[in-house]
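Visitor: The structure under discussion is supplied below as structure tokens; questions concerning it will follow.
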Amino acid sequence: MSDKLIIFDTTLRDGEQSPGASMTKEEKIRIAKQLERLKVDVIEAGFAASSNGDFEAIRAIAQSVKDSRICSLARANDRDISRAAEALKPAGQFRIHTFIATSALHMEKKLRMTPDQVYEQARLAVRFARQFTDDIEFSPEDGSRSDMDFLCRVLEGVIAEGATTINLPDTVGYAVPEGYAALIRSVRERIPNSDKAIWSVHCHNDLGMAVANSLAAVKLGGARQIECTINGLGERAGNTSLEEVVMAVKTRRDYFNLDVGVDTTQIVPASKLVSQITGFVVQPNKAVVGANAFAHASGIHQDGVLKARDTYEIMRAEDVGWTANKIVLGKLSGRNAFKQRLQELGIELDSEAELNAAFTRFKELADQKAEIFDEDIVAIVSNEAQHAEGEHFRFVSLSQRSETGERPHARIVFVADGKEVTGEAEGNGPVDATLNAIESKVASGAEQLLYSVNAITTGTQAQGEVTVRLSKSGRIVNGVGTDPDIVAASAKAYLAALNKLQDKSSEKLNPQI
């Protein structure tokens with residue numbers, strides 16, 4: 001059996017299904033390039049048939065990423081598979097991931113198909129997909145709750161048709177480690193041609209066991225691919241956390257005896273990028289990528305670490321990409337120094353125009369705060385990346401008046417569909433007044449579900465990172481804005497969220513795998 005563990009990242013597909021985590025095409029490309037630097041084996045870039053926006057994002061990623069294999073999800077029908085193949089065509093190497101439900105409940109209530117019909121459709125789908133690529137993954141949706149005999153029949157059939165990866169998902173996060181590993185092992189033992197495919201696992205974290213289930217399936221069940229997301233991003237309680245499974249296998253190689261090709265020094269940069277783009281803040285005590293993951297408050301622990309790091313640290317912070325905050329640039333730094341630092345941070349801008357816009361914003365920030373950190377530079381690029389072609393709203397300027405005992409007043413200037421407009425309003429505070437001023441001109445009718453503020457670096461001069469979550473007509477989106485002025489950051493975040501609400505191309509199907 002292979003001693004290589006394949007890391008299949010689905011941040012851009014299953015991760016994006018987390019309410020509010022929708023991303024623009026440009027944001028997806030940035031994450032895909034970071035995943036390539038992370039050296040993940042497979043990037044599931046989306047679900048091509050679900051929307052034109054997803055199709056275009058997959059195609060753009062297929063054109064941009066060269067070293068990782070690009071994958072698209074597709075239901076088990078010719079239309080979906082053809083659409084996936086078309087989007088993936090620019091990629092040097094690609095995979096089609098097709099699926100159909102196999103549990104009695106799903107077949108009867110959702111598909112309204114008999115087991116024989118599902119069996120036949122699964123086989124035909126894999127056969128059709130083989131016309132486009134030799135790399136086919138098949139998932140029996142709700143496989144962990146399917147009848148064992150029928151599940152084995154379907155999987156044997158799709159392997160015979162050419163499926164090269166079989167993924168057994170725990171769709172609702174119900175499994176426990178020993179039981180899930182036993183399921184994988186039992187299915188593999190019962191299927192005569194099981195050695196013709198790589199066995200994969202895809203776990204959800206509803207009971208907090210996604211990582212444990214995945215690792216048990218690898219160690220005890222013989223799985224050799226784990227499907228996961230950066231920061232465990234995903235709907236409900238999330239998916240298997242990439243950083244946790246990778247570091248578990250690498251740190252405990254004595255136990256797992258498996259190789260992983262991931263460049264672990266890119267884990268924290270990937271975590272920060274996904275967090276900034278989605279607005280989902282990483283909890284401080286999150287394993288590997290949380291702010292406190294390598295912090296020691298106990299005096300005894302601190303003393304031990306100072307004498308010998310391995311007394312209380314099983315991993316080194318620098319091995320996963322943690323670096324100390326350090327001043328890298330200032331107001332006298334030139335364009336070439338800025339460009340070089342972007343390259344050192346692994347940030348690629350597609351054009352001179354994008355570089356010029358980011359540099360202009362950097363100079364503006366340097367006039368506002370004396371010390372510029374790497375985190376500030378990443379935030380600048382993230383902020384500029386939101387200004388995609390065809391955006392509806394863009395922040396221009398803000399003025400406010402607030403005195404004790406009086407209602408604050410805000411006046412904001414922003415671009416709406418190419419035209420500069422000015423809104424004025426009062427509110428319960430400066431932020432409320434500013435958002436009311438935007439709504440006085442936009443009248444979006446959206447409901448605000450969340451408002452949060454996070455400091456990007458330390459100190460009173462730190463940039464504030466604001467996340468605003470809006471809901472309208474069943475759609476939930478996040479907007480993120482950064483600025484040393486928290487109120488200005490709030491306005492930018494609100495406008496970013498409104499832009500996503502206006503983007504109809506992001507409306508799509510969200511399959512449960």
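Yeah, the Cβs are placed from backbone N, Cα and C, and that goes for glycine too.
Bear in mind that the values here come from a model prediction, so they are computed numbers and not experimental data.
Got these off Swiss-Prot a minute ago, pasting:
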type: DOMAIN; residues: 5-268; note: domain 'Pyruvate carboxyltransferase'
type: BINDING; residues: Asp14, His202, His204, Asn239; note: Mn(2+) binding site
type: REGION; residues: 394-513; note: region 'Regulatory domain'
Visitor: Using a 10 Å cut-off, grab the number of neighbouring Cβ atoms around the Cβ of His204 (Mn(2+) binding site), all chains included.
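Guide: Here the count is 26.
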Visitor: What are the non-local neighbours of His202 (Mn(2+) binding site), defined as same-chain residues 6+ apart in sequence with CB under 8 A from its CB?
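Guide: Non-local contacts for His202 (Mn(2+) binding site): Thr10, Asp14, Ser139, Asn167, Leu168, Pro169, Asp170, Glu227, Asn239, Thr240, Ile513.
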Visitor: Given the recorded Mn(2+) site (Asp14, His202, His204, Asn239), which additional residues of the same chain have their Cβ within 8 Å of the Cβ centre, ordered by sequence?
Guide: Thr10, Pro169, Cys203, Asn205, Ala210, Glu227, Cys228, Thr229, Gly234, Gly238, Thr240, Ile513
Visitor: Where does the mean pLDDT land for the domain 'Pyruvate carboxyltransferase' (5-268)?
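Guide: The average pLDDT of the model in the domain 'Pyruvate carboxyltransferase' (5-268) works out to 97.
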Visitor: Measure from the Cβ of Asn239 (Mn(2+) binding site) and count the other Cβ atoms within 10 Å, all protein chains considered.
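Guide: Asn239 (Mn(2+) binding site): 31 neighbouring Cβ atoms within 10 Å.
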Visitor: When DSSP states are folded down to helix, strand and coil, where does Asp14 (Mn(2+) binding site) land?
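Guide: Its secondary structure by DSSP: coil.
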Visitor: Can you count the other CB atoms that lie within 10 A of the CB of Asp14 (Mn(2+) binding site)?
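Guide: There are 29 such Cβ atoms around Asp14 (Mn(2+) binding site).
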Visitor: Is it possible to list how many residues within the region 'Regulatory domain' (394-513) are helical, extended or coil according to DSSP?
Guide: 33 helix, 51 strand, 36 coil
Visitor: Under a three-state reduction of DSSP output, how is Asn239 (Mn(2+) binding site) classified: helix, strand, or coil?
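Guide: Its secondary structure by DSSP: strand.
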